[in-house]
């Protein structure tokens, strides 16, 4: 059955773990030069309303490594402008096998999926960033082993990245803590959906980052001002002044604690050079894992029989 991936709610915990297994398998194969053409003759469309480095390059490169091809569609194609969204979407589905959208609003991604006869992957919306979360837990798994019980602490804004992390941690039985100033919490409706789907989830919001990181297995941060919030930059900089991931904060954490950032980073603001470049930082490998996690996802969406035959 054709399936979209817009939030991660579409997956069961078993589905999620299977995708991680495939991602790990493909990464190991690539390391020894094995690139099985699992998605040979498949076409991926990248439909982006927002600028991107990691999302675009990781999907394009990943699809090529899987034997397929991709094309990038920017503003010039007139998504929802020159013709109805229904016509645009249904015609696009006649040409390609998979669509990744990077949309200004989550409603746009949902609309795209509702009219599409091929799978749609959310490459980022204002609500969530599921592909980033997949890469994040893949990275934590590589560094720390079994994910169950690993405590992830997000220091910063309760944004789309934080919301996807809260959900994926609930799915994997990982405690999740958001340390943020008052007024910058995660969306209440989103958290209600997570709690309904995963009643045993351990999700909390606190104000003091120093206390939060004491039991953290991984500390995560992101920019204080996301795309589209530039007018709030000065206010946010003041609000998050005490939420920098720096040497002092790391001193309160455990010796094995890993550091994550989805990038791009504003060095010296939400994270300091000495932390992001430290031996505890997994940030660059985390970025590289975008490709590996998304390869696993694309194979799971388009060629599950290959998984059943080749992944234990």
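In case you wondered, yes, glycine gets a Cβ from its N, Cα and C as well.
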Matching residue for the carbamoyl phosphate site, where TrEMBL names 129, 130, 131, 132, 262, 263, 290 - out of 82, 86, 102, 236:
102
Site co-member for L-ornithine according to TrEMBL, given 222, 226, 227, out of 122, 160, 303, 310:
160
Summarise the model confidence on the domain 'Aspartate/ornithine carbamoyltransferase carbamoyl-P binding' (3-142) as a single mean pLDDT, whole number.
96
Under 8 Å by Cβ from residue 227 (L-ornithine binding site), same chain, sequence gap 6 or more:
50, 51
What is the Cβ neighbour count of residue 226 (L-ornithine binding site) at a 10 Å cut-off, with all protein chains included?
16
Three states by DSSP: which one describes residue 227 (L-ornithine binding site)?
coil
